Amino acid sequence: MNLGTPLKPGATRVLLLGSGELGKEVAIEAQRLGVEVIAVDRYADAPAMQVAHRSHVISMQDREELKRVIGLERPDLIVPEIEAIDTEFLLELEQGGQRVIPTARATNLTMNREGIRRLAAEELGLPTARYAFAASLEEMRGHVAQIGCPCVIKPIMSSSGKGQSVLRDPSQVDEAWRYAMEGARGASDTVIIEEFIQFDYEITLLTVRHCNGTSFCPPIGHVQIKGDYHESWQPMAMSPAALAEARRQAEAVTTALGGYGLFGVELFISNDRVLFSEVSPRPHDTGMVTMISQNLSQFELHVRAILGLPVGEIVNLAPSASHVILADASFDAVRFEGLEQALEVATSKLRLFGKPDTRPGRRMGVALVQGKDTDEARGRAEACAHAVRMVPLS
């Protein structure tokens, strides 16, 4: 792809659907290559909007609003960064010649756990936890009885761990169903019931489909709390056999989804047995560690790939870790304190996302640190993150 000049005739325009912290880093990397960036989200002053050329505040599940903005901006590429989008409309746009990253089908399938699980397990034959889908409480009771407890209950459409729970006793079925419905995104009333896997560890394998083939980043270990990313580190130590199988599964599912871009493939590993979990066709929360761990961050890799540019060699610079900085209260605006102490941690870097307000558990920043090994890096990242405090503006 030949690239134009921003704000001039012939500019290469990227429309970001979703403007959070991941979208912000994508916008920055795109602008480094002279791309004109338009950021879209449901609320004003979202992180990517603060660095984009223009922005729009709309519901991305409203196809008329999407149609209006796309018609106004006439982007070369539509780059979804979140799940809360009318993906059926993206399919129609793609059929009409609009380029959606990586493909509209990939975006549509992966926002729905039923679609991606059926693709991975039933079409591609990838090993997964035992599972079933239920569209009613009574149907869920039957599947829980078959799969057994403990099991994991998730809405088929949700993000950041919303609506997910571990069902440890059949008496909790009603509560798990209610929690799933409260956390579900969109109009779906279906859940997935999964066998509870006693895995040794879980990884994200960042997989890049680009003009010269498929490339892999070193595996990323991570910890989730209530289904949401809390810390990650790279590289995650794996046996050669487990890594080879992880790459095989990641390449299979990303090839089936198609298109160019970076995918976050989540996998469970137990005694070198690798089980497919989920895939996101975009930069991944756990991949924020690559801003310090690699020569090319996941965001630069994504931008290069979607623009049809070579990716080159991906190099791990040092054992590294990331740790989230979370709000613990609701404020309209905050100031950050403790930054001096945070940045006294050896090799540390901070990314404060610039979100306009806080609520308990909202991710407001991330600490990034290197170490002599991942254990040291994880300890440093935690110390750096925990030094940062948020206080309301008086």
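Heads up, the Cβ atoms here are built off N, Cα and C, so glycines get one too.
Keep in mind that what you see is a predicted model, and the values were worked out from it rather than measured.
Taking the Cβ of ASP285 (N(1)-(5-phospho-beta-D-ribosyl)glycinamide binding site) as centre and 10 Å as the limit, one finds 24 other Cβ atoms among all the protein chains shown. In the three-state DSSP scheme, ASP285 (N(1)-(5-phospho-beta-D-ribosyl)glycinamide binding site) falls into the helix class. Look at Swiss-Prot and you will find GLU21, LEU22, GLU81, ASP285, LYS355, ARG362, ARG363 tagged as N(1)-(5-phospho-beta-D-ribosyl)glycinamide binding site, backed by sequence analysis.
What Swiss-Prot records for ARG113, LYS154, SER159, SER160, GLY161, LYS162, GLY163, GLN164, GLU194, GLU195, PHE196, ILE197, GLU202 is ATP binding site, and it gives sequence analysis as the kind of evidence. According to DSSP, PHE196 (ATP binding site) sits in a coil region rather than a helix or strand.
The Cβ of GLU278 (Mg(2+) binding site) lies under 8 Å from the Cβ of THR110, ARG113, ILE116, VAL265, GLU266, each of these being in the same chain and 6 or more residues away along the sequence. Residues or ranges marked as Mg(2+) binding site by Swiss-Prot: GLU266, GLU278.
This prediction places the mean pLDDT of the domain 'ATP-grasp' (118-307) at 95. Among the features that Swiss-Prot reports, domain 'ATP-grasp' is placed at 118-307.
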